[in-house]
Amino acid sequence: MPDQLLFAIEVTLNGLMAGVLYALVALGFVLIFKASGIFNYAQGVMALFAALTLVGIMEGQVPFSHLINAIFGTDIHHFGWHVPALLAILMTMAVMVLFAWLVQRFIFRHLVNQEPIILFMATIGLAYFLEGVGDLMWGSDIKTLDIGLPQGASLWVEDNTAWLGGEGFFGFFIDRLDIAATIVAIILVAVLIAFSQYTKQGRALRAVADDHQAALSVGISLNFIWVLVWSIAGFVALVAGIMWGAKSGVQFSLSLIALKALPVLMLGGFTSIPGAIVGGLIIGVGEKLFEFFIGPMVGGATENWFAYVLALLFLVFRPQGLFGEKIIERV
Amino acid sequence: MFYREAGDFSTTYPQDSQTFPIKFDRYRYYVVLAIAFLVLPFVMNDYWANAVFVPFLIYSIAAIGLNILTGYCGQVSLGTGGFMAVGAYSCYKLMTAFPEVSILIHVMLAGGITAAVVTLFGLPSLRIKGFYLAVATLAAQFFLVWLFNKVPWFYNYSASGQISAPERSVFGIVVTGPNTEAWAKYLVCLIFVTICAVIARNLTRGTIGRTWMAIRDMDIAAEIIGVNPLKAKLTAFMVSGFFVGIAGALFFAVYLGAAEVGESFGIDKSFLVLFMIIIGGLGSIFGSFAGAAFMVLLPVLLKNIFVGGLGWPTDLAAHLNFIVAGGLIIMFLILEPHGLAQLWRLAKEKLRLWPFPH
C-alpha cells in the first residue's frame, strides 16, 4: 500500500480514538439536556473539577490549603498519606453526588420554568464558580494523574501492522491510553443503556425526559431524578476527566474540552445518545484528516476551528442535527 | 416628591416622545454628561484611566453592541471576542496603510468592516436558532482568532505576531501610542461612547428596534405579522457588529496599545461581554453601562480588598474573582433575571410614589 494511504489510515484511527473522548464529554451534556432541558455548559469544568478532586484525594492534599494559609498564616499543604486509586475514585464520586445535590438544591430548583437560555447562562455562571472553587481547593498548578492506566505506544499494534507497508513503515502508532479510553467508553455507554432500560430509576429518568408533567402525575419525584441525572453527569465527567487528565495532565485547558463537545452535540443532535457518539467520531476523524490533508497548506492548527465550521455548515442543511428530534415550530 | 411627570407638560410631539420624560431624569442626564466631559478629564490620572474608566467605556460600547444582538434581537452570540479582533486588526491595517488619515475615521471604518464580517457570520441565523446559533457563533470566534494568528499579512509580518498601535494624534493631541496622556485616552473613548449610546438608544426605540424585539419575542409570529426576518436579523447583526468593531478598535489602539489576538480577544472576552449584559440587563442600554461598570469594577475591588487590604497572594484573589463573578451571575438569574436595569426601573417606580406610597 502507498505510504500516503497508510498515514491517512493511521490518522483516521487516531481520529476515531480522539472522537471517543469527545463523545465522552458530549454524553454528559445529552444526559442532562434530555432529563431537564438544561444545556449544561459546566460539563467541561465538572470534568476538570472531578479530575482535580481525584488527584487531590490521591495525593492527600489539604483542600483550601492556600486559603487557610493566607488567612491564618500557617503552612499546611498535605496530610501526608496516599489514597489508593479505586478508593479515591469512589470518594470523588461521593463529592460529585454532593455537588449534584447542591446544584439542584441551590440553583436549578429556583430556576424551574425559566427560559432555556436563562438556564444556559446559569450554567455558564456555574462553570466560572466551579472553576474558581476547583482552583481554590486544590491549587491551579498542572498536576499529573496516574491511576495505573497503560501509557505509551502500543507495540502490539505496531508489530502486527508493520507488514502492511514497505521499507520505513513501522506499523500504526496508537496510544495505549486511547485504546483504554475506547474500551472504558464502550463499557460506560453499555452501563448507561442498561441502567436506563432495566432499572426502576432508569425508567423514571426516561419518563421525565419524555414528559415532565406526565412523569410528575404518576408519582415520580422530579427533584430526585434531577439530582440523579446530575450525579450521572458528574460520573461521566469523572470518567472523561480521568481519560483527558491522564492524556494531557490535569490543568485549566481541560475545561475547554466542553467547547469541543459542543460541535459534537450540534452534529449529533442535542437529544440523542447515539448521536453524541457518532458525532464525536465524525468530528474526531474529520478534524484529524482535515489537519492531515489541508492543514499544511493553510498553516496548521486547523483543529481549533474545523469542528465548529463543520457543525455550522452541517446545521445549515439539517438544523436539528443527525439524530435530533425534528424541530416543529408553532405560533 | 420632585421625581414625577406632574406639571411637566409636553406641547410638541418631539417633547412627548423624548427619551427622558421626567424632568429630573433629564437634568440628571445633563449633569452626568457635564461631569463626564468637563470635570473628569481634569482630574484623570493614569491609574483611574487604565484600571477603571477606559476599559469601562470601551466595554460599554461592546456591551451595547452585544445587547442589540442578544438583548433586543434575541440572537445569542459567543463570538464577541473574535468580532472585536476584527475591529482591532482592521483598525491596525488602516492605521499603518494610511497614516495621514485621522484615527477617528479609521475607528469608524474598522466598525464598518466588522459590521460586514459579522453580517456574513449572521447569515446562518436565518436557519439556525437558539443554542445552535450560539454554538455556531463559536465557529466565528475560533476561526477569526486562528486567521489573525496564522496569516502574517494581518500583523504586517511582525516577528512577534503582535500588533502595536503607532502614534497618532487628533487636533495635535496624541491619542494612541505610548505617549498618550490619560485624559486624552479617556476623552476619545468618552466621545465614542456618547455617540454610540445615543445612536443605539434611538435605533432601539424606532421602527427597526421594534422589528428586532418582535423577532426576539417570537420570530414566526413576527414573520406572520409582516416583519421581514432576513432584514431584521441581518440589520441586528450589522449594527451590533459596528459597535463591537469600534469597541475592538479602541480596545487595541487606545487602551492596550499592543495586542496579540489569542491573548486579548479570546473566548473569555466573549463570555465577559455576555456576562456584562446578563448582569446589566438584556434589552437595555442603561443595562449595558451598568453591567460593564460592574464587571470592570469587581476585579479591581476584589483585588484591593484581598491583596491590598488583607495581604493575600494575587492568584488567590484571581480565583475568588471567578467564584464571586460566577456566584453573582447565578444569583442575578435567580433573583432578578432582568439584571441591574430592572432594579433601576423598580427604584424609579418607587421614587415616583415617594414619600406617599399609598
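Placement of Cβ uses the backbone N, Cα and C atoms for every residue, glycine included.
Sequence-remote contacts of a segment are chain residues at least 6 beyond its ends whose Cβ falls under 8 Å from one of its Cβ atoms, and for the transmembrane segment (B:27-44) they are 20, 53, 182-183, 186-187, 190, 194. Residues annotated as transmembrane segment in TrEMBL: B:27-44 (among others).
According to TrEMBL, the transmembrane segment annotation covers B:50-69 (among others).
A Cβ distance under 8 Å defines the sequence-distant neighbours of the transmembrane segment (B:76-95), meaning residues of its chain 6+ beyond its ends; these are 62, 65-66, 69-70, 101, 103, 106-107, 109-111, 113-114, 117-118, 121, 130-131, 133-135, 137-145, 148, 154-156, 163, 165-166, 168, 176, 240-241, 244-249, 251-253, 259, 261, 264-271, 273-274. Under the heading transmembrane segment, TrEMBL lists B:76-95 (among others).
Under the heading transmembrane segment, TrEMBL lists B:101-123 (among others). Same-chain residues lying 6+ beyond the ends of the transmembrane segment (B:101-123) with a Cβ under 8 Å from its Cβ atoms: 75, 79, 83, 86-88, 90-91, 94-95, 137, 139-140, 144, 168-170, 175-176, 188, 192, 233-234, 236-246, 248-250, 253.
The transmembrane segment annotation in TrEMBL covers B:130-148 (among others).
Annotation comment: TrEMBL describes B:183-200 (among others) as transmembrane segment. The list of residues near the transmembrane segment (B:183-200) in space but at least 6 beyond its ends in sequence, with Cβ under 8 angstroms from a Cβ of it, reads 33, 36-37, 40-42, 44, 49-50, 53-54, 57-58, 60-61, 64, 68, 104, 107, 170, 173-175, 239, 243, 246, 250, 254-255, 285, 289.
Same-chain residues lying 6 or more positions outside the transmembrane segment (B:236-259) and placing a CB less than 8 Å from one of its CB atoms are 50, 54-55, 58-59, 61-62, 64-66, 68-69, 72-73, 75, 77, 80, 83-92, 95, 103, 106-108, 110-119, 121-122, 125, 162-165, 168, 175-178, 180, 185, 188-189, 192, 196, 200, 203, 212, 215, 265. Per TrEMBL, transmembrane segment is recorded for B:236-259 (among others).
Taken from TrEMBL, the feature transmembrane segment applies to B:271-296 (among others).
Here the transmembrane segment (B:316-335) has Cβ contacts under 8 Å with residues 275, 278-279, 295, 298-299, 302-303, 306-307 of the same chain, all six or more residues outside its ends. Taken from TrEMBL, the feature transmembrane segment covers B:316-335 (among others).
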Within-chain partners of the transmembrane segment (B:130-148) [C-beta distance under 8 Å, separation at least 6 from its ends]: 75-83, 85-86, 89, 117, 121, 124, 154-155, 261-262, 265-267, 270
Beyond the flanks of the transmembrane segment (B:271-296) by 6 or more, those residues with Cβ under 8 Å of it: 52, 55-56, 59-60, 62-64, 66-67, 70-72, 77-78, 80-81, 197, 200-201, 204, 213, 216, 325, 328-329, 332-333, 338-342, 344
